[in-house]
Ligand code: IMP
């Protein structure tokens, strides 16, 4: 099973960083395939907490090649800062590669992101304001500037000048922002980034991945965000602008689907969401707030409090279907340790009828009510447990219920933030 994909099965923040860090130990290569610094992957190593936004979580192992794939949108300033932070903590970062086909986030993308959100008012997406959507818009509109363009002065200036004129028009005339942007200043700033990053840039990153696959190396394709934030399969328009689902892994890393042997879905034992949009199993009041505090549910990128809810089996089935999940990694089981009773959503009620399939039309979704099955909590500390057999019986029953809803096998259960707090099955 040389190529595996790791995907979030909910609205992101499922704990993919920790699982990727764990799996990376046995990998030769980890490829990040979509998104940008809207993601925040938290990895806890002993007393140190690392929040990675762009660099694949495999970077903590010197023998693992970490590739920022063609499908990623890169904020070069953030990337350089991330490299510097890792170096300051003793990691060499020699094994990083950046695809020359990855698109670059510019200041006007961030400005457009904020301007759009302001204009939308009541219908705001609640983006991370990192310029992700506007950068992907330029990519698909064939106006984008890729990493390779940085190294061709004439092309870079031409493309940038067009973009700056277009965005200034939009920002000033349509969004009334009174903004100034200087092509020369941007060129100066980004030329500095180009020099600093040159040693990491690879042409044809897909060839690099293909060579690893041909040599039967272990390759992990690392997704950011989650299935419900997928621009096609999520709660559109309250989604991100890329495809975190498993299909996006092929496109964003440049390999064909037949190479993929496993699709690992990371599943939080309950559900969270940041930003706006429907969330059927959201828990109002104290129970939801307690989960947020116990689980430390605040955005790794923006610090925003996450909305908390009960496990949603309809979302799980949807994620299983659109990703073709083969394995599950359940995270944050320990956060439920104190619960006396736990609700599991097994279906929705829509206009008086029971439905099992997730409605991706948010207007239908807004009218859905969760149908819960109540299960007893285990009310025991699980944070020191290392073997599945030692888990409380009721915790095992809960996990089996989740696996049944996903129709996939659980292979990992995380019971705390630290590297060692993991149960392999
Ligand atoms: P954007 O990706 O910044 O455009 O934001 C679009 C939506 O995706 C917003 O609801 C964000 O809160 C959400 N989002 C983006 N990245 C993440 C993530 O890594 N975790 C959780 N939510 C995210």
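Even glycines carry a Cβ here, placed using N, Cα and C.
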(message) Among 25, 97, 157, 304, which residue does TrEMBL annotate as binding IMP at the site that also has 13, 14, 15, 16, 38, 39, 40, 41, 128, 142, 225, 240?
(response) 304
(request) Among the binding-site residues listed here (18, 304), identify the one with the smallest other-Cβ count within 10 Å. (result) 304
(request) Quick one: of the binding-site residues 128, 304, 415, flag those whose CB is under 6 Å from ligand 1, and say none if nothing qualifies. (result) 128
(request) Have a look at the binding-site residues 301, 303, 305, 415 and say which one has the shortest Cα distance to residue 38 (IMP binding site). (result) 301
(message) For the substrate site (300, 301, 302, 303, 304, 305, 306), what does the 8 A shell look like? I mean other same-chain residues with CB within 8 A of the CB centroid.
(response) 40, 274, 298, 299
(message) DSSP secondary structure for residue 42 (GTP binding site), reduced to helix/strand/coil, please.
(response) strand
